[in-house]
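Q: According to TrEMBL, the protein has these features:
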type: DOMAIN; residues: 1-155; note: domain 'Major facilitator superfamily (MFS) profile'
type: TRANSMEM; residues: 12-28; note: transmembrane segment
type: TRANSMEM; residues: 40-58; note: transmembrane segment
type: TRANSMEM; residues: 64-83; note: transmembrane segment
type: TRANSMEM; residues: 95-119; note: transmembrane segment
type: TRANSMEM; residues: 125-145; note: transmembrane segment
């Protein structure tokens, strides 16, 4: 509604996001093998921030769709790399580490939609999307911790 677009068209944004997320998740292992986990995370965060900024300042449907597609590219490999890093933490059994990472992830899934909806209702989606960039910048700062997600021996 903020862009003056029919509500029926909003599904296109989800489709653009989902399609690029799926495609780049399939390509993610090859990218991580070439660049390493840390550089892949940093590149991914760059794409995600660019997508959110585009969506935040979109004046119409086309720019918004491009922004959501770029966001899908950026977010596609963050979780798989985080799970790989968690599973390779020294001194912690992989099953325990991944269950902790999963619990944290599910907590975000429970809290984020309500928080995003609440703030979007009061401030609009553009400020919320820009605010999410701050979360991504935290990931960027902590990305050096993801070196444990580098695949060893091509596995």
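Sequential numbering from 1, following the chain as shown.
Cβ coordinates are placed from backbone N, Cα and C, and glycine is handled just like the others.
What TrEMBL says about a protein is an automatic prediction, not a curated fact.
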Q: Taking every residue in the domain 'Major facilitator superfamily (MFS) profile' (1-155), what is their average pLDDT?
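A: 91, rounded to a whole number.
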Q: Please figure out which one of 12-28, 40-58, 125-145 racks up the most CB pairs under 8 Å against the transmembrane segment (64-83).
A: 40-58
Q: Cβ under 8 Å, sequence separation of at least 6 from the ends of the transmembrane segment (12-28): give me the contacting residues as numbers and ranges.
A: 40, 61, 64-66, 68-73, 75-77, 80-81
